[in-house]
Every structure is written in C-alpha cells, then in structure tokens.
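Here's a structure for you.
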Amino acid sequence: MSGGLDVLQMKEEDVLKFLAAGTHLGGTNLDFQMEQYIYKRKSDGIYIINLKRTWEKLLLAARAIVAIENPADVCVISSRNTGQRAVLKFASASGATPIAGRFTPGTFTNQIQAAFREPRLLVVTDPRADHQPITEASYVNIPTIALCNTDSPLRYVDIAIPCNNKGAHSVGLMWWMLAREVLRMRGTISREHPWEVMPDLYFYRDPEEIEKEEQAAAEKATTKEEFQGEWTAPVAEFPQAEVADWSEGVQVPSVPIQQFTAERTDVPPAPKPTEDWSTQPASTDDWSAAPTAQASEWTGTTTEWS
C-alpha cells in the first residue's frame with residue numbers, strides 16, 4: 001500500500017515502538033480470515049503478526065480517513081476501557097466524532113433518537129466488543145475500519161488493521177500512529193520532523209494506579225519538606241555582652257519613695273478607731289410584755305364568739 005515510496009516506508013523507530021508496545025503479539029486462537037496477516041507461531045501457541053502488513057493497512061486506513069471532506073463525519077468508537085482515552089485523543093487531534101463507552105443501540109438506524117448520527121466512516125477498536133455499531137453500520141452502508149486481533153471476526157469489516165487490540169499500550173500506540181499518519185497526509189505536520197505529541201498520552205491508565213502514584217508523590221513531597229525543615233533551618237544567634245562583675249552590670253534605679261506618695265492626692269484617709277464590737281448595748285425595752293398583752297386580746301375575741 002505504500003506504493004514503493006521511501007517516504008511512506010516504515011522506519012526503524014516505528015518498528016521499535018511496535019515491538020516495545022507488543023503490537024506484534026496476537027492471541028492463541030486464529031480466525032481463518034486473519035491467516036494472511038500471520039508471520040509465524042511461537043512455541044507457546046501465540047501467533048506473531050506481520051508488522052509489514054500492519055503498516056500497509058495503517059496507511060490504507062489513514063488514506064480512507066483523509067478522503068472524508070468533513071472530519072466530523074468520521075466516527076471513532078471504543079467500548080472497552082483500554083481504548084477510550086486513545087479514541088478521545090484521536091478525535092481531538094483529527095476532528096473526528098468520538099463515542100467512548102457504551103454505544104446506544106439505534107444511533108445509526110433510529111432517527112427518532114436524540115443521539116442519532118449519520119457518519120460517513122466508522123473506526124472501531126475491537127470488532128468483537130464493538131459488534132453493535134458494526135452491525136448497524138452494515139444496515140446503512142457505512143464503511144468500517146477496525147483494529148483486529150488474530151481471533152477477531154471480520155464480518156462487515158472493510159479495512160482490518162492487524163494488531164494486538166487487547167493490550168493498553170498496543171491500542172494506544174495504534175491510535176497514535178493512525179492520528180500521526182492522518183495529520184501527515186493532510187499536511188498538518190511534516191514527515192521530516194517528529195511529532196511533538198508522545199504516545200504515552202494515548203495509553204489507558206487505571207484510576208487506582210493514578211491515585212496510588214499521586215499519594216506516593218504527596219508523601220514524598222511531605223517527607224522532603226520535613227527533612228529540609230529539620231536540617232536546613234537557620235539557627236538564630238543572639239550576642240550576649242560579657243559581664244565580669246555582676247554587681248556592676250546590674251543597674252538599680254535610685255528613685256525616692258516620697259515622690260510617689262506626694263503625687264498621690266486621691267488616697268482615702270485612714271479609718272478612725274471604732275468601739276469595741278464585743279460589748280453590746282443594754283436594751284431598755286421589755287420584750288416579754290408585748291406577747292402577753294396580745295394573747296389577752298385574742299382570748300377576749302374568742303369569748304365573744306362563744
């Protein structure tokens with residue numbers, strides 16, 4: 001598919017990326033339509049994919065995507081977690097329409113649905129996991145491009161790119177390669193200079209691993225701050241004057257005491273001596289006479305009632 005042009009040939013850097021990501025490693029099962037893309041079989045039963053055929057199909061898929069005038073008419077889909085981030089990155093780079101996550105049945109066939117779309121080209125990550133959009137695309141005559149493993153069914157798939165579509169690194173690298181070739185064929189980036197976007201941005205990362213890395217980085221930063229605060233804190237030095245004789249060094253203020261008493265004019269006078277509180281005055285009244293008289297009055301009233 002490269003047409004024998006040296007510009008479109010696969011470089012050594014691309015081969016090293018494929019090998020590092022494990023793109024050439026297939027599965028233990030083989031579909032009869034995928035036999036043409038197999039290089040050999042290992043002793044443990046894993047099939048090796050021919051990377052030359054992978055590169056040719058990658059260029060063919062990029063040419064099909066570039067042929068669409070409106071980039072938004074290209075729909076890229078990935079229902080599996082390993083390809084959702086790569087699909088979103090590819091859509092932001094090329095202008096395609098992404099569907100990451102669950103595909104709503106009837107998106108291509110049910111016109112009453114709010115999420116109804118009419119794309120001109122469909123690109124999926126896994127034909128087995130994304131069987132619903134591939135089936136609906138066959139109803140409305142939408143050509144389909146798929147990343148296919150050794151055991152992937154090729155029913156309703158027009159352009160199959162043989163690769164390892166199970167590994168997170170392999171899937172991310174394939175979408176990165178496809179985005180780079182699309183931008184190169186459009187003339188957005190040059191083939192003479194490497195693309196500034198790294199393939200790591202297309203790799204899927206487990207949220208738990210990201211959280212663990214953030215916690216480890218926070219703990220490391222905390223321990224580093226504590227270490228610097230303990231050992232590198234400047235010690236304050238206070239110079240002290242040397243005193244040979246302590247009696248000479250201490251100055252006692254010589255202030256007359258009478259000065260303070262003279263200034264205070266609002267001091268109350270001292271209280272006068274009082275009588276002896278233990279002696280009580282003699283009472284002149286006779287307290288026993290009153291109750292007797294009162295009692296006689298009450299008795300008189302009672303006799304009247306009787």
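Note that Cβ sites are derived from N, Cα and C of the backbone, with glycine treated the same way.
In case it helps, Swiss-Prot gives these features for our protein:
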| type | residues | note |
| --- | --- | --- |
| MOD_RES | S2 | N-acetylserine |
| REGION | 161-180 | region 'Laminin-binding' |
| REGION | 205-229 | region 'Laminin-binding' |
| REGION | 242-306 | region 'Laminin-binding' |
| REGION | 247-306 | region 'Disordered' |
| COMPBIAS | 276-306 | compositional bias 'Polar residues' |
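Would you situate these features in the structure and describe their surroundings?
Across the region 'Laminin-binding' (161-180), DSSP classifies residues as 13 helix, 2 strand, 5 coil.
The predicted model assigns the region 'Laminin-binding' (205-229) a mean pLDDT of 74.
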